[in-house]
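What follows is a single structure, written as structure tokens, with notes after it.
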Amino acid sequence: MSRVSQARNLGKYFLLIDNMLVVLGFFVVFPLISIRFVDQMGWAAVMVGIALGLRQFIQQGLGIFGGAIADRFGAKPMIVTGMLMRAAGFATMGIAHEPWLLWFSCLLSGLGGTLFDPPRSALVVKLIRPQQRGRFFSLLMMQDSASAVIGALLGSWLLQYDFRLVCATGAVLFVLCAAFNAWLLPAWKLSTVRTPVREGMTRVMRDKRFVTYVLTLAGYYMLAVQVMLMLPIMVNDVAGAPSAVKWMYAIEACLSLTLLYPIARWSEKHFRLEHRLMAGLLIMSLSMMPVGMVSGLQQLFTLICLFYIGSIIAEPARETLSASLADARARGSYMGFSRLGLAIGGAIGYIGGGWLFDLGKSAHQPELPWMMLGIIGIFTFLALGWQFSQKRAARRLLERDA
């Protein structure tokens, strides 16, 4: 076995262990933020939505800068620094009794993610061969789901004692992850050349097709982020107990572990990436519309099942499509910019979703936020369809001219 092949194989195991620690640390804390501050402390959902949206926007919106810096200086220093910064954010969150302190803790957490997330994504693109990426992204999603459930279960159990224990556990996991990277991650370059920060960012911004695709995905993320805000609140309201939230993540884990890899293997043989992304988005949109009209936990979990199935279909295709569009000369910059759709969509989804949830509750129209999210998903579906049809038309024109 060549040294390159050996490095790729070892890199896969490193990425899986690293991903497990990151997801565990994140899901111990973040699914319980809305339960802690909305249900236990009585804050308005929009106040918590601002905090979650701020974290999302900072982490993903500034990702292009984190990715460009990683292109210049390498992945290791960015990842270690970012994980320690997130640990500090979680520690601060444990003592948050005023909105500004919660917002500050989410700001720290988001800045940490800005540093470690793009280089981690670029390492996947660097180490995994193009023909294997779809299956590897599916494995990562399966691991995400299992780790999310374990994290949510652990966080829910700790929450009955003290929210500070929840935050301390998340902080410790990120410190461990930082130590793991500092000890074992080689000083790998992310790109084929050591690209200056400004050049990497300029290369991305000139790629109009990639920029349009990323910005359109904001609508997709407005739906996806509700697993952190409105869906946990809805489950808690219907069930009458915060402990029911863990079953929402258990459903996701069961579906992912049983369906994600088989669906990915089968669909990659029969359907294009863009068709898989659009089909998953359509299922997510349609399953979200009736959520505000249900009154029983069984009905709610059925809709959540459909939502997760849509995500299972869409997410590996989205990740693979984003990676396939990245320029090898500026991988960090491309993977950082690819998070901008999540930054915009996540911020609007959290803040707008929280505001609509409060508005619907005060106006006795609980279906309002869910119908609006479903409509946004349908419009995003149509916009992606138009983009992909334009791309196919341009390809046919080039083939005819040739």
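Each Cβ is built from the backbone N, Cα and C atoms, and glycine gets one as well.
Under the topological domain names given by Swiss-Prot, ILE128 lies on the same membrane side as LEU321. Feature transmembrane segment, per Swiss-Prot, maps to range 139-159 of the set 76-96, 139-159. Tertiary neighbourhood of the transmembrane segment (13-33): same-chain residues 48, 51-52, 83, 86, 90, 93, 102, 116, 120, 123-124, 127, 139-140, 143-144, 147-152, 154-156, 158-159, 163, 166-167, 169-171, 173-174, 176-177, 180-181, 184-185, 227-228, 232, 242, 245, 249, selected by CB-CB distance under 8 Å and a gap of 6+ residues from either end. The transmembrane segment (244-264) makes contact with the transmembrane segment (139-159): 3 or more of their CB pairs lie within 8 A, with pairs spaced 6 or more apart in sequence. The largest share of C-beta pairs under 8 angstroms with the transmembrane segment (139-159) comes from 300-320, of the ranges 214-234, 277-297, 300-320, 340-360, 368-388. If you look at the transmembrane segment (368-388), the same-chain residues 6 or more away from its ends with a CB under 8 A from one of its CBs are 212-213, 216-220, 222-223, 226, 230, 274, 277-278, 281-282, 284-286, 288-293, 349, 353, 356-357, 359-360.
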